[in-house]
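Going by TrEMBL, these are the annotated features:
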- LYS11, PHE12, GLY13, GLY14, THR177, ASP178, TYR183, ARG188, LYS213, VAL214: ATP binding site (BINDING)
- THR51, GLU78: substrate binding site (BINDING)
- 276-348: domain 'ACT' (DOMAIN)
- 356-417: domain 'ACT' (DOMAIN)
Amino acid sequence: MSRHTPRIVMKFGGTSVADLDRIRAVAEKVRKQVEAGCEVAVVVSAMSGVTNQLVGYCQSLSPLHDAREYDAVVATGEQVTSGLLAIALQTIGVEARSWLGWQIPLRTDAAHGKARIGSIDGEALVERMQAGQVPIIAGFQGVAADGRITTLGRGGSDTSAVAIAAAIGADRCDIYTDVDGIYTTDPRIVARARKLDKITYEEMLELASVGAKVLQTRSVELAMKERVRVQVLSSFVDGPAPSEGNLPGSLVVDEDEIVEKELVAGIAYSRDEAKLSVRRIPDRPGIAAAIFGPLTAANVNVDMIVQSTGADGLTNMTFTTSRTDLARAIQSLEASRDVIQYGELVTDDDVVKISVVGIGMRSHAGVANLMFRTLSDRNINIQVISTSEIKVSVLIAAEYAELAVRALHTAYGLDAA
Ligand code: ADP
Ligand code: ASP
Ligand code: MG
């Protein structure tokens, strides 16, 4: 059955709803989209800085706070902005109503703080939209089976928006933010970053997972799975409401929609890294299991791994985790010291991971080598390397992060003219 009224989800991030003037400007954007003849659902983040403040409150009271209460606290930021935007819209004559996660309901599992969306009942939203009302949905939050509020992990409003778009069968999910699209690298770090008209789901997924926070990783995963068309665009630029013939931002699309395929799509960096070296371990079968088994049990995510063996029958295992997992990783390794029988444990969180991503790597050799040569020309030491089919990542000292990203951006021919 064909539907003639375009259905659009508009998502606004924290800087886009940072104060009342910004909320008024967002209301105008929503009005334009409605007046262009679209059915519109809106997803909002908390005002910028608010979620950080709420997280800080919980941590100050207790570093090991109850995750259910953390969610009860941090979900409030989005409740405020959804109500305020509904008022701003009503004030300019647009019928609007706020919706919290549990009111939809947007059901999740019970992994508080990083819950996964299970199902969304889009029916009530669609009914309201068809009746001419704009639902203003609080992003980032859902409800677990026991009725308690959950949140989807930092940056989770992107995922709320894509999930809502899938649930209501939207034609497009527009992610409004403080940059006007997806760039070859973070435009705040590299002035010559180039805006991409289109990027594949796979490349965006990989870039997000290695640190490009313009979209939450899960939102891209979901968009790819549910085939949601996603556009990233600026909420700070005035202009007509986007339409299929006029999309000002960057589109995340299937590979076959991209005509000119580049070797490398983009470069990302992540400062949320910590390196651990377990040194002087007697080399024998089962070492990796003895180290990583307890880490998995302690809920520590391990990313890059290298093992290096010396001539003396001793081996070293070096790996990375996120900084937030470092304390737990140390605790786990110290607890299993007798089993692993290591000489020493050395940690370093003054490191950054730089990644080069592109589907062109599947068919072209030499991408990794160009990365190694470029860093070596700048005298930047590579501490750990990892690769996947469409990505090469290196761990280097944090002080060289910007230098490395800029040098690689130039080396791969990504600089804007
Ligand atoms: P919002 O609050 O709207 O969700 P975020 O701060 O989460 O916004 O994401 C937008 C930011 O992502 C930009 O300000 C930019 O600094 C950063 N960013 C990182 N990598 C990229 C990239 N490749 N393209 C565009 N922006 C990027
Ligand atoms: N407000 C939440 C955060 O800061 C969710 C989001 O903005 O996407 O992480
Ligand atoms: Mg974000």
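Cβ atoms here come from the backbone N, Cα and C positions, even for glycine.
Positions of TrEMBL features highlighted on the structure.
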residue : record                 : DSSP class
LYS11   : ATP binding site       : strand
THR51   : substrate binding site : helix
GLU78   : substrate binding site : helix
THR177  : ATP binding site       : strand
TYR183  : ATP binding site       : strand
LYS213  : ATP binding site       : coil
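With respect to ligand 1, the binding-site residues LYS11, THR51, GLU78 contribute no residue with a C-beta closer than 6 angstroms to one of its atoms. Residue environment of LYS11 (ATP binding site) contains 29 other Cβ atoms, counted within 10 Å of its Cβ in all protein chains. Filtering LYS11, THR51, THR177, TYR183, LYS213 by Cβ distance to ligand 2 (under 6 A) retains the following binding-site residues: THR51. Among the binding-site residues LYS11, THR51, GLU78, TYR183, not one has its Cβ under 6 Å from an atom of ligand 3. For the ATP site listed in the record, the two most distant Cα atoms among LYS11, PHE12, GLY13, GLY14, THR177, ASP178, TYR183, ARG188, LYS213, VAL214 lie 21 Å apart. In the predicted model, the domain 'ACT' (356-417) has a mean pLDDT of 95. Counting only residues at least six positions away in the same chain, the Cβ atoms of ALA193, ARG194, LYS195, LEU196, GLY266 sit under 8 Å from the Cβ of TYR183 (ATP binding site).
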